[in-house]
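Below: the structure, in structure tokens.
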Amino acid sequence: MSSAYELVSNYQPAGDQPQAIKTLNEGLENGLAHQTLLGVTGSGKTFTLANVIAHSGRPTIIMAHNKTLAAQLYGEMKAFFPNNAVEYFVSYFDYYQPEAYVPTTDTFIEKDSSVNEHIEQMRLSATKALLERKDAIIIASVSAIYGLGDPKAYLSMILHLRRGDIINQRDMLRRLAELQYKRNDMAFERGTFRVRGEVLDIFPAESEHEAIRIEMFDDEVERISKFDPLTGSIITKDMPRCTIYPKTHYVTPREQVLDAIEKIKVDLAIRQKELLENNKLVEEQRITQRTQFDIEMMNELGFCSGIENYSRYLSGRPEGEAPPTLFDYLPQDGLLIIDESHITVSQIGAMYKGDRSRKENLVEYGFRLPSALDNRPLRFEEFEALAPQTIYVSATPGKYEIEKSDGEIAEQVVRPTGLLDPVIEVRPVATQVDDLLSEIRIRTKNNERVLVTTLTKRMAEDLTEYLDEHGVKVRYLHSDIDTVERVEIIRDLRLGEFDVLVGINLLREGLDMPEVSLVAILDADKEGFLRSERSLIQTIGRAARNLEGKAILYADKITGSMEKAIGETERRREKQQLHNETLGIVPQALKKDVADILELGDMTKNKRKVVAPKIKLSEVAEEGASYSAMSPQQLEKAIQKLESKMYQHAKDLEFEQAAQVRDEIDNLRKQFIVNS
């Protein structure tokens, strides 16, 4: 079967990978709606999925439960498919304060947000890839279930230009303005155009390093070319055609806006009557004033602040209908993969209710029309109805995934490296701290690392202090630490800056540390969320990448969760040992460069034809890395300053210096995603 994908890898499927790939491919070909890949830590689940995607040849959305994991997957998939469209679709807000009203204190909180332009460009690039290509892999967060512009309206606004077309230049500029592009003859940046005589330059909103040049001869399109907006060098000369996509997903034709205004007026009159009948005079005055102001803005400018609350009218949807989302851009033969499904599935289910309760207050107290309730994420049942063929991926699949898969579970227990699951020991609670200290000393002599998980913040702090007093190099990882500092701490642990990391609920999914040979779980017999079967298996799995991996559970009794977790780990270990003995495999230690923890994939790879001098990325926790400790807001300001500097160099014809600054900006943008 020929595929649109080209999988690039030095490895061949090994261990349980070939069987898992075969099972999943057969399931897809047989039309199974739901399948589950049960893959243990370090078994190469991403490589298995890459093989399944390559074999299927279908456009794919991979959903992750947070931006950090999404960025990690983006980097891995980008490495496997360097010649295909691997895109990144997460929330583009650096900061977002939603509109809200607190009745008890009569406090109205205005919407406040800060949009990251680079991520907005990547989102536009993602939807463009889905609309244009079969070989599109979109790495998305739960942002994918939130309302996006209607794909029909979006497609209807696209500007197609062909060589030889007869079109008046002013008409072309008017069309660009409708797509929300702005004219800027001085600073040529994303989402703008400039005019020089009969030459029109357009910087597409979804592009990072390529702009379009339209050369006219009177009213005829004489030549279309693609060029580097920084240096001006031609990338592709004399193209037969080009397509200009809108600057935003939320663009709407003028006729639809005018039609929406009439519908808003009708609903406003109905709402005014309801409020007056219930003697809510303040609320009636409030909704009248706010809505009429919005109508005036839409009439004059085509949009208003908070226009998303009128999305139902703009897209022509009936009341209560699901909003258009990223899934509406996915072709019918698309594929959905949900990573760490035991968390992501429940996260998808939780989004709707939290959003609904906040909006109900706004509607009840006259800040918004009832139509605002339809600007929402998908309900879980709507998500289920929209989702194409789905593969759930987890080391500990939840009840939902197992039921949906109806026994269609591909097991990936045997690792290609031959590494075994950790040995598990249960020891008494009474001497847990002293026993732990002696175990730590054994590990530090062998230059190995230790993870310790406690039940409470207080205990984690006390234990950290106690170990520190006894000469142990220890750090404490807690929920107040932001993403970038967390990555920095993990990197320092791997480098040996300290030997023991103490935490509560942060030592589970997505931590890849081959140096960790011991995981200690204190108070393992206290049943609850942090000591459930799934949590225990995930935590024990942190020691599964080391040859000497061991997990010690401190408990006075064996709980049901402990029994199941120990039983499952031993079952996997036996299967792994049998496989190694049968094939004569000697377990190999996993070697992974410490720098790899921060790799997000080269976001500009294969997008740029112009070769420029390389500038080293300022990696998080790197000595002297001035940008690594910055907040996303500070990084955004630094990027803006560098962009001004870059344009000044270009203006002064200092193209080498401009290219160097451009590369530094690219690196900062990668840093930005880590820090977000």
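Note that Cβ sites are derived from N, Cα and C of the backbone, with glycine treated the same way.
Of the listed segments 92-115, 164-187, 332-355, Swiss-Prot assigns motif 'Beta-hairpin' to 92-115. Secondary structure at Ser43 (ATP binding site), as computed by DSSP, is coil.
Here the motif 'Beta-hairpin' (92-115) has, by DSSP, the following mix of helix, strand and coil residues: 3 helix, 15 strand, 6 coil. Compute the center of the Cβ atoms of Gly39, Val40, Thr41, Gly42, Ser43, Gly44, Lys45, Thr46, which mark the site for ATP; besides them, the chain residues with Cβ within 8 Å of that center are Thr48, Ala395, Gln412, Arg415. Listed in sequence order, Tyr11, Gly15, Gln17, Gln412, Arg415, Pro416 are the same-chain residues at least 6 apart in sequence whose CB falls under 8 Å from the CB of Gly44 (ATP binding site). Local packing around the Cβ, expressed as the count of other Cβ atoms within 10 angstroms, is greatest for Ser43 among the binding-site residues Thr41, Ser43, Thr46. Within 10 Å of its Cβ, the residue among the binding-site residues Gly39, Gly42 with the fewest other Cβ atoms is Gly42.
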